[in-house]
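*Asks:* From Swiss-Prot, for reference:
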COMPBIAS  44-66  compositional bias 'Basic residues'
CARBOHYD  P87  O-linked glycosylation site
CARBOHYD  P111  O-linked glycosylation site
CARBOHYD  P115  O-linked glycosylation site
CARBOHYD  P143  O-linked glycosylation site
CARBOHYD  P151  O-linked glycosylation site
CARBOHYD  P155  O-linked glycosylation site
CARBOHYD  P163  O-linked glycosylation site
CARBOHYD  P171  O-linked glycosylation site
CARBOHYD  P175  O-linked glycosylation site
CARBOHYD  P183  O-linked glycosylation site
CARBOHYD  P186  O-linked glycosylation site
CARBOHYD  P211  O-linked glycosylation site
MOD_RES   P79  4-hydroxyproline
MOD_RES   P87  4-hydroxyproline
MOD_RES   P91  4-hydroxyproline
MOD_RES   P99  4-hydroxyproline
MOD_RES   P131  4-hydroxyproline
MOD_RES   P143  4-hydroxyproline
MOD_RES   P151  4-hydroxyproline
MOD_RES   P155  4-hydroxyproline
MOD_RES   P167  4-hydroxyproline
MOD_RES   P171  4-hydroxyproline
MOD_RES   P183  4-hydroxyproline
MOD_RES   P207  4-hydroxyproline
REPEAT    90-109  repeat '1'
REPEAT    122-141  repeat '2'
REPEAT    162-181  repeat '4'
Amino acid sequence: MGFIGKSVLVSLVALWCFTSSVFTEEVNHKTQTPSLAPAPAPYHHGHHHPHPPHHHHPHPHPHPHPPAKSPVKPPVKAPVSPPAKPPVKPPVYPPTKAPVKPPTKPPVKPPVSPPAKPPVKPPVYPPTKAPVKPPTKPPVKPPVYPPTKAPVKPPTKPPVKPPVYPPTKAPVKPPTKPPVKPPVSPPAKPPVKPPVYPPTKAPVKPPVSPPTKPPVTPPVYPPKFNRSLVAVRGTVYCKSCKYAAFNTLLGAKPIEGATVKLVCKSKKNITAETTTDKNGYFLLLAPKTVTNFGFRGCRVYLVKSKDYKCSKVSKLFGGDVGAELKPEKKLGKSTVVVNKLVYGLFNVGPFAFNPSCPK
């Protein structure tokens with residue numbers, strides 16, 4: 001305990017002794033007041049004069065100081081207990097509360113109450129509690145300091161790399177022209193002889209023969225017909241109702257027994273007729289007076305049909321106005337032999353009749 005702690009403790013003990021003595025004196029004075037005059041006791045705290053009407057007391061009233069012996073005991077006990085448990089920090093609060101309460105109560109209540117009650121009420125406990133509470137506090141623990149942190153080493157900075165400077169370019173010197181040396185003629189090399197190869201034989205050219213003229217082919221003329229008789233072939237169909245208005249044979253069917261007529265215009269009108277077979281095919285032989293030399297004046301007409309439901313001549317390939325004869329140009333098929341007579345073969349058509357379709 002330091003010097004400051006000791007001085008505070010001594011002053012606290014002295015203050016406690018003073019307040020306890022004052023309080024006990026007040027209590028003793030209250031106990032003596034019932035036998036005295038009705039004047040208030042607190043104002044005659046010194047020598048008390050006897051009341052005039054009571055003459056049987058020859059001597060004045062004994063002084064109220066004898067009860068002052070009681071405050072002597074507390075100071076003796078009080079200093080003994082504090083040294084046993086020296087508080088580190090003396091509490092200051094209890095001493096201030098104890099002296100405030102006792103002085104205020106006596107002036108409020110007049111000393112009219114019976115003498116038996118005042119000794120019971122005196123607050124003897126507060127003075128005793130005040131010195132007791134301070135030592136009961138546990139000794140103040142030494143301040144716990146936070147664990148000392150290990151000295152933080154400053155972060156080691158990475159070794160500072162020396163600044164890398166770009167490679168300093170060598171000072172570009174202006175191109176110093178080399179000293180112009182006199183033109184040194186290179187040493188005259190001996191003339192390099194070209195490698196001597198064996199004489200290459202000239203390519204043997206084939207003997208140039210005079211240009212052979214391509215064989216002159218005679219001009220191809222259309223096959224010349226010998227004078228022959230005329231035979232005309234073709235087919236006849238019945239058009240379908242769906243395509244009756246079009247010049248097409250889609251859906252058409254061959255007609256059997258249809259009549260075809262050949263007309264050759266000359267000095268004499270020559271005619272010939274024939275009918276178709278079940279496949280609609282016909283071969284019309286011209287009269288023997290008509291030869292292949294005069295076929296250009298001949299025409300073939302579609303005359304009539306055996307089927308009355310399909311008998312209207314259509315305009316397909318000129319069957320209604322007469323179709324021109326076209327000679328067959330395929331070799332080997334341009335002639336036909338009938339009854340040991342050779343006929344030149346010509347083509348017409350195909351022809352067709354329009355059907356009578358329901359509306």
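Yeah, the Cβs are placed from backbone N, Cα and C, and that goes for glycine too.
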*Asks:* Determine the mean pLDDT over the repeat '4' (162-181), rounding to the nearest whole number.
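*Replies:* Its mean pLDDT is 61.
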*Asks:* Return the count of C-beta atoms lying within 10 angstroms of the C-beta of P211 (O-linked glycosylation site), excluding that atom itself.
*Replies:* 6
